[in-house]
């Protein structure tokens, strides 16, 4: 069980530390480090709390119960439908975000390293064909690729932070370049970067429903990304003053804008290479994990056979919709992450608060109960509504877009 506990911590941390981390400096550039730090700690606490709420609900059902079945038990058919729709939307939005971001970076990498000019569209198509092919072959190949890529990603993250440390200036971290509305606009992107709740049912099953150990799995597993994110913000926001950063992002939108900002301010080929490689690996590992989950979910939903023809059909319905998004909205990486925040707000905030409310009515003498009582459940529910509201205000143009 010790190995399973450690493995589960890494699953939570590995699911969380991914491409969302790359979008954070884009969201934080106009907000400032101190406000970003408050948002990071606040949203981490919120997401960790709701994972513990799900754990409280799971103590009353078999450990291998799916989230949809749990929703049907406590919230009825409509609750099950809302949960299923949110899961589908979340995984499609994330897959689209990762295809968009990875395709852009792949095209840039190939152009830099080979001298052959490649458009972002060609990069998106190439990445989808290769990485999507790996997913279509099956879990064993994904696992093989993911072990190598994740190990390399952690190495490059450490290298990247070490190389950026000498370029950090305290004054950049102390300035407060708060533009009106940007703090609110940054919430969906940072919130999505703490999303691991889709894997909660799998981890509960893997740990055989051991509540005591699962509490530490979710607390430590989500705290590791928090620490990594804080160091990443110190490294990026500390290296580049906000005025320069915002100016560069105006000329070079998206992830390439971040890389361009680091390239111009730090002026070190080693830093640029480390950041670029980490970005590529973060997007690849995030894509493989989410796309595999989406592929298996759709194969089960549409009852596709496990033959070559069946897997190709599942591959088509898995990758064609997000590919179309990536092609028609080539700068949609941050936007797609924000929309994923809508579905994640339902799955990670609204659904857990409702499930816990109903579970406590059905099981008043629960052995494990998260502190906070009903007022905390109301706050969690309202936070879910607020995250969704912020995203729609951004879409309506009433709040500024980030990145």
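Here, residue 1 is simply the first one shown, and the rest follow in order.
Heads up, the Cβ atoms here are built off N, Cα and C, so glycines get one too.
Record note: among 60-80, 81-101, 81-101 is the stretch given as transmembrane segment by Swiss-Prot. Going by the topological domain names that Swiss-Prot assigns, residue 34 and residue 397 belong to one and the same side of the membrane. Across the candidate stretches 35-55, 81-101, 148-168, 275-295, 376-396, the maximum count of CB pairs under 8 A to the transmembrane segment (308-328) is reached by 81-101. Tallying C-beta pairs under 8 angstroms between the transmembrane segment (9-29) and each of 81-101, 122-142, 184-204, 376-396 places 184-204 first. Nonlocal intrachain contacts for the topological domain 'Cytoplasmic' (56-80), taken as residues 6+ away from its ends with a CB within less than 8 angstroms of a stretch CB, comprise 87, 200-201, 204-205, 207-209, 211, 347, 351-352, 354-356, 358-359, 362-363, 366-370. Beyond the ends of the topological domain 'Cytoplasmic' (143-147), by six or more residues, the same chain brings 134, 284-285, 288-289 to within a C-beta distance below 8 angstroms of the stretch.
The listed stretches are 35-55, 184-204, 275-295; of these, 275-295 has the most Cβ pairs under 8 Å to the transmembrane segment (148-168). With respect to Cβ pairs under 8 Å, the transmembrane segment (122-142) is most closely packed against 275-295, considering the stretches 184-204, 217-237, 275-295, 376-396.
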